[in-house]
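**Q** When I checked TrEMBL for this same protein, it listed these features:
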type    : residues                    : note
BINDING : ASN73, HIS78, GLU83         : oxalate binding site
BINDING : HIS76, HIS78, GLU83, HIS122 : Mn(2+) binding site
DOMAIN  : 28-176                      : domain 'Cupin type-1'
Amino acid sequence: MSIKNESNKMVNGFPCKANVSADDFSFAGLANPGATNNTFKSKVTGANVQNIPGLNTLGVSMARIDYAPGGINPPHTHPRATEIVFVLEGELDVGFITTANVLISKTIKKGDVFAFPRGLVHFQKNNGKNPAAVIAGFNSQLPGTQSIATTLFGATPPVPDNVLTMAFQIGTKEVQKIKSRFAPKM
């Protein structure tokens, strides 16, 4: 971030502000647990360049992820970042799949750290009876997240049924049933 640039300049798609303050470098959004009363029983709260303008060009960001018992951060990738998580509370089953289709997984608990390499499909699941939470660090100001199921079954325009039936070796009815659960909310 350049403090001396004109306010109409953009770097990485985000404004370089002429006048900055401490507020451009702070965010209180990770202090409290996120609401987990949703389909996946989890909530990701990001602390990135979108809500901390001062992170522009610095190559770092964070997130807090909260999980109700049984909650999951479903299989996804971060195309622009490696992720490392630190368990604040609870216990999680975590893993990633290598490019050779090998699952690397482990159960992690309070105080443990686990890393997910850039671009690899990974997940976290709370199989415990108590809530769990992690702080995630990323080596990108905006890591991007691509949820595998939502990407394939909720795309607009939709991925053709015949592509998904062949890819997953399931019938058209099953594909349409899954798509109905991921249909974009209008």
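Cβ from N, Cα, C; glycine included.
Quick one: where do these features end up spatially?
**A** Counting only residues at least six positions away in the same chain, the Cβ atoms of ALA115, PHE116, HIS122, ALA136, GLY137, PHE138, PRO143 sit under 8 Å from the Cβ of GLU83 (oxalate binding site).
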**Q** Based on DSSP, tally up the residues of the domain 'Cupin type-1' (28-176) by helix, strand and coil.
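**A** Output for the domain 'Cupin type-1' (28-176) reads 22 helix, 57 strand, 70 coil.
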